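Structure record follows, encoded as structure tokens.
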Amino acid sequence: MIMHTPTINRPQHLRFSYLLHSEYIKLTSLRVTFLALVTLLLVGLGASTLYALTLEDAGLPETFSVGLVLDGVTIGAVVFGQIIAGILGVLAITTEYSSGTIHPTFIAAPGRLRVLMAKSVVVFLLVTTTALVTVFGAWLTSYPFFAEFGLQATPATRGFIMALVGAGIYIGCCAIFGLGIGTLLRSAAGGSMAVIGATMLLPVFLSVLPPTDPVRYMRLYTLGHAGNSMAGIGEVGGPFADVTDMYLSPLGGWITAIAWAGITLVIAGVILRRRDV
């Protein structure tokens, strides 16, 4: 009699490229994804055009200010885009929990962290690409209006292109932040409120507190303040950060925004591995 050792069929690890393709299909099949990205594009272009059209009525500066141009170009994309992107990040994961499709996803790909990583890559690339198209499109559409008053900024203007890129990357970071929050809370409503609170309400809340040093440091490194710094031009030879003047350099903004998104996603990954689906 020949004894046979039983074999245990272990789930095979899917290629990461397959996971990326799967997450791309799932995300783009959601109607909310199309609506969110189109809204981001339209709001960004519309706000910059409206700003440029009302420039003369608001009062023209005596000298050229690239900061004024950047405010006009990025105001819609940054202010509204951070919320739109963050909520889209929340919905990218919470819709799977609400529909129950998260269970077959983790059965097909038991490595939960790889699934979360693939989802984060797809969300970041989709949102950031749309955001970059938005901010550069806003610059092109508003350029003639600024040029009429001699306030146009060109790619040769110091730090201008990098500021536009920073605005797009910031919106992508907000989407990753939202994805992490959605993974933690598993609630579309709760995650959306957390995104709005972190990007819009937290700076307002901190601004009404007594201006002690801890409060000023918290205000300096809020997610929204980081976005403003990424979409701006730093002082030549200026400091990395100055809590007295509430100044955060563009590099400081990049590091702060990436930290907000990265730390949230890491915590979400740890919790995702430890708790039941």
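Each position is counted from 1, following the chain as shown.
The backbone N, Cα and C atoms fix where each Cβ goes, and this holds for glycine too.
Per TrEMBL, the features are as follows:
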type	residues	note
TRANSMEM	32-53	transmembrane segment
TRANSMEM	73-95	transmembrane segment
TRANSMEM	116-140	transmembrane segment
TRANSMEM	160-181	transmembrane segment
TRANSMEM	188-209	transmembrane segment
TRANSMEM	251-272	transmembrane segment
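For the transmembrane segment (188-209), the neighbouring stretch richest in Cβ pairs under 8 Å, chosen from 32-53, 73-95, 116-140, 251-272, is 73-95. Taking Cβ pairs closer than 8 Å, the transmembrane segment (251-272) reaches residues 112-113, 116, 120, 166, 169-170, 173-174, 176-177, 179-181, 183-184, 198, 221, 223, 225-230, 232, 234, 240-241 in its own chain, all 6 or more past its ends.
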